[in-house]
Amino acid sequence: MKGRLRSTVGEDVYTSWFARMDLEAVQDESVHLSVPTRFLKSWIQAHYAERVLSCWQAEMPEVHRIDLSVRSAMRCAAPAKEAPVAVEARRTERSDVRPMNNESRAPGTASLATSHDALGGSPLDPRLTFASFVVGRANTLAHAAARQVADGRRGDPVMFNPLYIHAGVGLGKTHLLQAVTWAGNAGGERKVLYLTAEKFMYGFVAALKSQTALAFKEALRGIDVLVIDDLQFLQGKSTQAEFCHTLNALIDAGRQVVIAADRPPSDLESLDDRVRSRLAGGLVVEMAALGEDLRLGILKSRVAAARAHHASFDVPEPVLDYLARSITHNGRDLEGAINRLLAHSKLNNQPVTLDMAEREVRDLVRPQEPKRIKIEDIQRVVARQYNVSRSDLLSSRRTANVVRPRQVAMYLAKTLTLRSLPEIGRRFGGRDHTTVLHAVRKIEALVGKDIALNDEVESLKRQLQD
Ligand code: ADP
Ligand code: MG
């Protein structure tokens, strides 16, 4: 079984996460496994539950669940003893797409490591600097705050701590954070460490394994500016507790912390209340969707960068306008569009024309920005359709005329928004995430069979989407 798992997940992952997993017992349909730390437990649960289960099922088809428990208590500020949590054969709710940091970097781009390799800083892209960051209405404040942090000197009073920047995918969070790191380290006076939340977790778990947790903490606390990207991925009670200590220690010592995430602190539902309020206590800045001016600016700066190596490459003004107007969602696609035009015009030895652009970037063009649907809107529209009040949906009433609409509303909230089950539960009068999951599954099953319900759901979707 271990061999199968090892070949499924690969040697590195196996050694990092499963080497110390032990089999405790197999009972009827359940396999009981144990790991030494809570962190390992929650990490495995969140990321590998299905694969562990299917490895077992490959050999023992009767197995239907995996129970993962923590072998011995760990010295950590995590909450007191938890019961073993069952990992069932279902998709974990965190199945969201995880944009990798350097997903769209052009091949061959050097990834420079920071000078803090001993501490395992995440790789930095040399192109993501302030010089290449285009400022516009959507990001003026975030840029100014980031600049201020980057220009600070050791011992300067810290004006806002932490600086918390949030925005959707591709709106420049990583770019800005790496710019702060490059600029902040440039003088050599201060230590600025850039870590993805994932790297923070790896660093911590590796330190636990090699019994150097103390050294890890000391090292983290010895830096001037800690930059953490994609905080929404910080998982696991003990890592969060560790993050909380680190955050408090750094802030209390007057060190700067800079954080980026895809949502505001109040929506980081997996985090502890204390951490959330500490995060919200600094400066929280949102970067808005890129406006057309900003898109044009980014396109121009990309073209200029490309021309440094390919002098004959040029993109005429009307093409830039077309791209800025039609590629509306994120910076990654703007970069992708320029890369394609560059590749195409080089390979075919042709100048860039509007025709070529229309052909090449067709799939990046969205006729209309999809609307961001709010849970409140869903509740309002569902309540209206079923002739109940919104407060009925949020109430604890269990009469049939309220239960079904409530389930439909929760189902729509899960399928039309990016909110997690616990968050949806909270927005529906403080219900448990299992209740939401139950509702989602129920409606999913019903729309396949019940034509009338299917029509109602489709009509609700249409009302919400346009
Ligand atoms: P996020 O981390 O928010 O998902 P990134 O920082 O990775 O987004 O940005 C995606 C792409 O868009 C990168 O290539 C980045 O350089 C570019 N980009 C986004 N905003 C800007 C900006 N204001 N100026 C220049 N490039 C930008
Ligand atoms: Mg990013």
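Here the Cβ of each residue, glycine as well, is placed from N, Cα and C on the backbone.
Over in TrEMBL, the protein carries these features:
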- G170, G172, K173, T174: ATP binding site (BINDING)
- 159-285: domain 'AAA+ ATPase' (DOMAIN)
- 374-443: domain 'Chromosomal replication initiator DnaA C-terminal' (DOMAIN)
- 1-78: region 'Domain I, interacts with DnaA modulators' (REGION)
- 83-122: region 'Domain II' (REGION)
- 89-117: region 'Disordered' (REGION)
- 346-466: region 'Domain IV, binds dsDNA' (REGION)
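For the region 'Domain I, interacts with DnaA modulators' (1-78), the model's average pLDDT works out to 76.
Within 8 Å of the Cβ centroid of the ATP site, not counting the listed residues G170, G172, K173, T174, the chain contributes A167, V169, L171, H175, L176, A260, M287, G331. Helix, strand and coil content of the region 'Domain IV, binds dsDNA' (346-466), in residues and according to DSSP, is 84 helix, 0 strand, 37 coil. Note on the region 'Domain I, interacts with DnaA modulators' (1-78): DSSP counts are 38 helix, 18 strand, 22 coil. If you count neighbouring Cβ atoms within 10 Å for each of the binding-site residues G170, G172, the highest count belongs to G172. According to DSSP, G170 (ATP binding site) is assigned to coil rather than to any helix or strand.
Checking the binding-site residues G170, G172, K173, T174 against ligand 2 with a 6 Å cutoff on the Cβ atom leaves K173, T174, in sequence order.
The Cβ of T174 (ATP binding site) has 22 other Cβ atoms within 10 Å, all protein chains considered.
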